[in-house]
Structure formats: C-alpha cells, structure tokens
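Pulled from TrEMBL, these are the features on record:
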ACT_SITE  His539  active site, proton acceptor
BINDING   Lys135, Gly199, Asp401  FAD binding site
BINDING   Gly264, Ala265, Ser266, Tyr267, Val268, Ala269, Leu270, Glu271, Gly359  NAD(+) binding site
DISULFID  Cys126-Cys131  disulfide bond
DOMAIN    3-53  domain 'Glutaredoxin'
DOMAIN    80-417  domain 'FAD/NAD(P)-binding'
DOMAIN    437-548  domain 'Pyridine nucleotide-disulphide oxidoreductase dimerisation'
Amino acid sequence: MWKKVKELFSSLGVECNILELDQVDNGASVQEVLSEITHQNTVPNIFVNKVHVGGCDRTFQAHQSGLLQKLFQEDPAYDYDLIVIGGGSGGLACAQEAAILGRKVMVLDFVAPSPQGTSWGLGGTCVNVGCVPKKLMHQAALLGQALTDSRRFGWEFSQQVKHNWGTLTEAVQTHVGSLNWGCRLSLREKAVAYVNAHGEFVEHHKVKATNGKGQKTCYTAAKFVIATGERPRYLGIQGAKEYCITSDDLFSLPYCPGATLVVGASYVALECAGFLAGLGLEVTVMVRSVLLRGFDQEMAERLGSSLERLGVRFLRKFVPVAVLQLQKGSPGKLKVVARSTEGPETVEGVYNTVLLAIGRDSCTKGIGLEKIGVKINEKNGKIPVNDMEQTNVPYVYAVGDVLEGKPQLTPVAMQAGKLLARRLFGGCLEKCDYVNVPTVVFTPLEYGCCGLSEERAAQEYQRENLEVYHTLFWPLEWTVACRDNNACYAKIICNKFDNERVVGFHILGPNAGEITQGFAAAMKCGLTKRLLDDTVGIHPTCAEVFTTLEITKSSGLDIMQKGC
C-alpha cells in the first residue's frame, strides 16, 4: 500500500522518507508509540509536515479534498502553528490534541477578577467555578439528607450535627487547586506553551498578549481557536456589582452566605439554591418568568416543587430594582427592592447574600475580533461557525460556550476541541455531533434529560404524532426513610411513526446523571420503546422504571404511586 502513496507523492513532486518498521531493530516499539499518538494500528502511517494524515485511503481522500496540497504549502513563517485563546475545557482539549499531532501550540489564558475580586487558575469555568465545585457542594447537601435518613435505618448519634462552610470551601478549593496544577502539568508534558495573559488580535495572524503586570508581547500563528467562554451577567441596577455575588464568587466565599436571595431561574440558579438549602440555609429564588427556560417545562415545574419541599421559597414574576447595604459584615445585611413584572406592585426583603444567576455573556468583546473581521452576533456576543467550527475568517475557529446555537456544556467543548485539532492537523474528517447531547441539572433531586423537550418535540413532529409514556416512582431507599412517594418522575417522548423511536428522555430522581448517561448512548443507537420493553431491568433501581413504562399521557390514567 505504501508504494501507491509513494507514487502519489512522486506525481506531486514531493520528496518522502520511508521508515519500514519490520526492517529496524526497534520497529515494534516505534509502532506502539505511533499507535498511541495516532490511534491507528495499521500501516502505512503517513505524516506530512508533522501532521498525521492517516493510512493509504485517507491520504488519497486528503488529496481529493485538497487537504494534502494545503499541508504541503503550510507557511513556516509564523511563531506557532496554532494559538488557542482561552484555557478552559474546549481550548485545552484542542491545544493538547494539536500538540500530540506534532504541532507547535500556544495557549493564552487570563481571568479578569470578578467585581468582588475573585479570580482563579487555569482550567476555565468548569474546573474553577462551575461543574466541579458545584458537584462537590451538591454532594455536601446530599450527605446532609443522608444523615437525616440514617436514623430510620438504625443509625444513632446524640451529638448535634451541624455544617461548617469554611471546611467545605477549603476542601473544594484544595481539589480545584490540584486540577489547576494538573492542567498546567499536562500542557508542559505535551510541550504546549502556556502564557497567563489576555490575548487580543492586532492584525491578521497576530495577537498581543498582555499579562497581569501590563507587559505586552506579540505572537503570530497560522491558525487560531477562540475558546474564551462566558462570564456571569450583572443586573444594571443600583448595588448589583457593589454588593451582589455570582457563581464566580460563591464556591470560594470565605464566609457562610447565610439567608440568600438567588436571582434567576437558570440551572445555575436552581443548583445553587438547592445545595444552599440542603446545607440548612434560608433560600429565596426570585423568578422573572419561567424556570429553566429551554428545558422541558413540566420537568422544570416538578423540579421547582421538589425545591419547595426542601424549604426553598419562590418569589415569582418579580425582578430586583435596587440592592441596598443595611449592614457591613461577613455576611452583612442587604435590602432588596423588587418590582412585579405584571403590575405596579413592589416588595422588599432583607438577606445576608444576594446571588445573581440571570445568565452569562460571551467573552468575545475586547479580543480584537473586529480588527480581523470575525463576525459575531451583536445581540449576544456569540460567534457563528460552520459545521467545522470555522468562523467567517478561514484561519480562525471557535469552540465551547462562545458558539452560537450549540449546547453550552464542558464535554461538548472538549469533544469539539479535540476533533477540531484532528481535522486541522491529523487528516481526520469527523465532526462534532451536537444532536442528543445529555445533560443534568444537579439540584438535590437531580433532573437528567437527553433529546427533545415535549414543547420542542411538538414543534418538530406535531403533537398528534407523539406518544408520551410516563410515571411517578418511589426509590426503594426512600421507603424506609419515609420520603415523598410521588416526587420522582420519568417520561419518554416517542415518535409514533418512526417505530416509536425515543426522541426525548427525562428523569427527575436520585442519581439522574448516572442514569441519563447510559440511556444517552442508547439514543445515539436509535433507541425505541420496543427496545426498552425488551430490556430486562436491574432490580431494585431507579433506572429500571424505563423498562416498565406502560401509561401514556394520552390515556389520562393515574400515575400516582401508592406503594412499592
């Protein structure tokens, strides 16, 4: 096969070097290293200008698509083959994969402190102020509930049990710090240059990097990836930036937040409200319109009810108009004035902490995109890209939360970043699949979903073409603990005219994240209601409920649970 490739290169006037592994002493070791680097176990293994193209077939495909000729013409005049602006999950995944494929790569990452002065290390939102610390605090709240349940299971303890906020935040930040170090170490091992500086385009193929001391250095690259992510949005009202905090600040807050007002109804708002209430704090959620906009609204309302049972108070159809400081302290006291969205009514409340979770803004301003002509959506700052994550400027790409119309999730950004690097430098053709991406809202009672909400499914397939199977269920662990037997809920949305293919999967219950992950793989494979019915459940588990769904919404039959 390699002779065909050699003939191709000769016809293009390109000189090539051939290493026949069976003719060298350490051939087996070289093949093992090549397999690890390229994920290819066959020969020939072809590289062009340090870029892994693939085997014989892929080399000819690259020739037909024009990619091969492009690789021959790569301009060596730049400082780097790739500069990634943004050191979050997507940016790091892309940078490291490009380095594995033999490219010279730089990562520019800089975190501007929040209005409250909070900043953090390498790794982006997920590692520092998102998924990781959130899940750990979620776990802290679940342990509190487990303590309560444990008495029903025979555990006896006489001493008063209380929660120490300082111990929790110290443990969380210690783990986050270890992840920061791990990110830096991983870049170092792959010879990726990391510069803790703010990147800004100054002209085509050239960025200016400004560090925390104001020192400026310019770098050039053949290609760029924008992976700058998002930051929390602030209300444009009196006292918002002076006295309020966001998720940027909460996970390292040096004092217990006390009575907390959470402004917003996003998943960030409800997750934070959930674990704060689970830690025993008084929590109020101020909601402008609906809970979890964009999610299935039946599930959102059921989730809201579960939070109310936990003691969270909802103040619906109100928005803050002013935040006033009544007393300094850690925490102090704040007065919040709010106005109804439906009339002239106003309300006032006093809280120790006000947490804003009203959405996030893309970090695409101030990085010089306008200087090189990269288009952004002026309304939301998002970057439109094609199905190859390429912007309107051919050498500039984008991944992660800055993308317009794509799921804003860490695993999505990582997958997109890795595949982008393989396409750019490895001769790969695979694109990121943004369909049927699973996600979970980590409230005390978790909500997991994959595919379409009922509202979206009705728009795509028409409601009369859908069948919705659903049920309430009572986890066995909850029976002895005497917890609510009608709080957990499961449903699937099926397309009646496509063999009842499951187009929407939803569960509200314990460990919903673990359950949803498995069913998401099944949905990728074309899961149908019949396949669920033919699957033997694992008993007793929450997940087995999906193998015994019988009642449809259209039947109107009762789904209330009256026993095991």
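From the backbone N, Cα and C atoms, a Cβ is placed for every residue, glycine too.
Remember, TrEMBL labels are computer predictions, not curated facts.
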Average model confidence [pLDDT] within the domain 'Pyridine nucleotide-disulphide oxidoreductase dimerisation' (437-548): 97
Sparsest-packed among the binding-site residues, when each Cβ's other Cβ atoms within 10 Å are tallied, from Gly199, Gly264, Gly359: Gly359
Residues of the domain 'Pyridine nucleotide-disulphide oxidoreductase dimerisation' (437-548) by DSSP state, where helix covers H, G and I: 40 helix, 35 strand, 37 coil
For the domain 'Glutaredoxin' (3-53), residues assigned helix / strand / coil by DSSP: 24 helix, 6 strand, 21 coil
Cα proximity to His539 (active site, proton acceptor), best match among recorded positions Cys126, Cys131, Lys135, Ser266, Gly359: Lys135
Cα-Cα distance, maximum over Gly264, Ala265, Ser266, Tyr267, Val268, Ala269, Leu270, Glu271, Gly359, record's NAD(+) binders, Å: 14
Candidate with sparsest Cβ neighbourhood (10 Å radius) among Cys126, Cys131, Val268, the listed recorded positions: Cys131
Farthest-apart CA atoms of Lys135, Gly199, Asp401, residues recorded for FAD, distance in Å: 31
Nonlocal neighbours by CB distance (under 8 Å) for Ser266 (NAD(+) binding site), same chain, sequence gap 6 or more: Leu292, Arg293, Ala357, Ile358, Gly359
Proximal residue to Val268 (NAD(+) binding site) among binding-site residues Lys135, Gly199, Asp401 (C-alpha distance): Lys135
Minimum Cα separation from Lys135 (FAD binding site), reported as the residue among recorded positions Cys126, Gly264, Leu270 that achieves it: Cys126
Alpha-carbon spacing, Gly199 (FAD binding site) to Cys126 (disulfide bond), which is rounded to whole Å: 21
Cβ within 8 Å of the mean position of the Cβ atoms of Gly264, Ala265, Ser266, Tyr267, Val268, Ala269, Leu270, Glu271, Gly359: remaining residues of the chain near NAD(+): Val262, Cys272, Leu292, Ala357, Ile358
Top Cα neighbour of Cys126 (disulfide bond) in the set of binding-site residues Gly264, Leu270, Asp401: Asp401
Between Asp401 (FAD binding site) and Cys131 (disulfide bond), the C-alpha gap once rounded to whole angstrom: 14
Candidate with the highest Cβ count within 10 Å, taken from the recorded positions Lys135, His539: Lys135
